[in-house]
Amino acid sequence: MSAAQVSSSRRQSCYLCDLPRMPWAMIWDFSEPVCRGCVNYEGADRIEFVIETARQLKRAHGCFQDGRSPGPPPPVGVKTVALSAKEAAAAAAAAAAAAAAAQQQQQQQQQQQQQQQQQQQQQQQLNHVDGSSKPAVLAAPSGLERYGLSAAAAAAAAAAAAVEQRSRFEYPPPPVSLGSSSHATRLPNGLGGPNGFPKPTPEEGPPELNRQSPNSSSAAASVASRRGTHGGLVTGLPNPGGGGGPQLTVPPNLLPQTLLNGPASAAVLPPPPPHALGSRGPPTPAPPGAPGGPACLGGTPGVSATSSSASSSTSSSVAEVGVGAGGKRPGSVSSTDQERELKEKQRNAEALAELSESLRNRAEEWANKPKMVRDTLLTLAGCTPYEVRFKKDHSLLGRVFAFDAVSKPGMDYELKLFIEYPTGSGNVYSSASGVAKQMYQDCMKDFGRGLSSGFKYLEYEKKHGSGDWRLLGDLLPEAVRFFKEGVPGADMLPQPYLDASCPMLPTALVSLSRAPSAPPGTGTLPPAAPSGRGAAASLRKRKASPEPPDSAEGALKLGEEQQRQQWMANQSEALKLTMSAGGFAAPGHAAGGPPPPPPPLGPHSNRTTPPESAPQNGPSPMAALMSVADTLGTAHSPKDGSSVHSTTASARRNSSSPVSPASVPGQRRLASRNGDLNLQVAPPPPSAHPGMDQVHPQNIPDSPMANSGPLCCTICHERLEDTHFVQCPSVPSHKFCFPCSRESIKAQGASGEVYCPSGEKCPLVGSNVPWAFMQGEIATILAGDVKVKKERDP
């Protein structure tokens, strides 16, 4: 006998489904042998009722176990008793009544099926139920339909739609058993206990099945693993026939796949997180029901058909970012966004690097450029910043804040403009086409298309709030961008506007130095340049600090910002007196130098022209802050086109400490006495040149620089070299030659604290503590081989 024949002979037919089963798959605890599948399908609490109904139908229709293998042999001594005619008639009558009831139930179900036909069709499209998991009753109608169970199966299938709104673990109170009322509560898989049977009480003892089938738990677990995570039934379905009848128990293979994968609450698309790039919004998900959108099940909004199990990271990421265009699920949605974000960061870093390079080299490069290029840049720079917007979507705003001219070897100069978009975001674009492309992508959600010329898609506002928007290409036509023609007339130039909500320009983040803005109400001096380099430097520095002092927080480092605020608080009054009491007029620019840029307009009226470009300010403390960007040791002399000294151009910044002379030749950074700020000092020979930090109003009339007189030692009144002398950081008029400083140090004693050579204990800025020389400074001043060159008479 072959193995197949042996296996076939061992199989037994289930009383309900009529399919051959192995002995371990059969359950003998009921009146008829049934398989575990039928018990799980019908439920352990009503399987006896189904067996009885099937028995009556079989007797009525003559469907007996003719070709089936017999069940377990009856015990020895028990004889099979044939039914009498009276019993057969009673059974036939009962079967007829059951058949009539089943027929009536089928009619009711057909009406409900017609009403829910559309809904079921939609479910079939959305829910890809595996065909192999469909119950045998659908594949073989000759099985259960002839037993009258098709009505219950159809009712369960029709009621599956109502379950879609319920979570997998949301179960109603346990249904009342049809056979008895003593069953325990049902488990989440729809069964009353282990193996689908109620858990026995201690008085009842273990059920018979546990004694006969010790491996039933593992068998049930294997069935559950083959069927997926839902090895049992899902209860809680309302009775499709209405009324207060018992709730149905539906097998998992009749439920939509979305309900088996996870709870309905997990299917709701969460709001997407805010985008990392500026104010650009995230992709808008498709509307419910649309291809690729979160289709709603059963007409209930908020329940997505794309939900997945909680452990499925791929599906959850798709639910977060939405479904891709065209109804397709992109395989790497998150990776695509990450790549795009990474490219955007790289592009912004490159643009900031270009801006930093432009600001760093502007002083030298602009002075060496042709006159047409220089004049155009100065004119355009005097109009910044001003707002621009996208022509097709007026809500997309940016601002132009800087210009430059670039050229490749053998090529003509071409205008480069720097645009911040969105306004206040810090994202910098170095071309009009780049920002126009980004605006187009934000507007149209098209990441693949580029624009030919950004000047055709950008508009600028001539005056803020006027509503007079003009095409940027009209202001900057191709002839102007290549410096073939000059900038159009003044009627085309925009007026500068600085938004109070986002005053910090990207130039403040990359510029090497910033001049603190003057207090509100301070007048603006027209810039004057003693040389071409000075004019370009003044333009760069004016551009580097457009923000008012009360709104500069957030973009600078905390320490630097605190020093700036302290510096401005101490210098505000002195700065006013420097410009008002002095009453200087701006001298004309040097011959051959570039013309001065136009005075700032609009909100720029409260800005202060850097003192380096206006040497009439004399020892203005702003020079100390501005001169860091200049090359060390290149201070302007009186021969550079101005009759006044520009010693302040070589003054070094110090906000809260005495400024010391250089301790060693060459460029060196000396730590200040209180360690707050590194001090940059440099002349090539050993020198003592402290930078100025505080301007006392009462000392301004006595200052040689303010009076346009020569530099003289305060003690011996000898003329000083304009870059080599000892400067008191507190009192501008305290200037000393090296011999007098040397004598003062020796008189005070070099081993102790050495104060100002004037004999006074000049206090530090903002405190009563006097400043004193550092040991390195003392050693430099006491060096005997230092020969100081005296200034000759003009």
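Cβ atoms here come from the backbone N, Cα and C positions, even for glycine.
Swiss-Prot tags one of the stretches 95-130, 167-202 as coiled coil, and that stretch is 95-130. Looking at 377-424, 713-760, the range tied to zinc finger in Swiss-Prot is 713-760.
Across the range of the zinc finger (713-760), the DSSP-based residue counts are 11 helix, 7 strand, 30 coil. Looking at the coiled coil (334-369) alone, the prediction's average pLDDT is 77.
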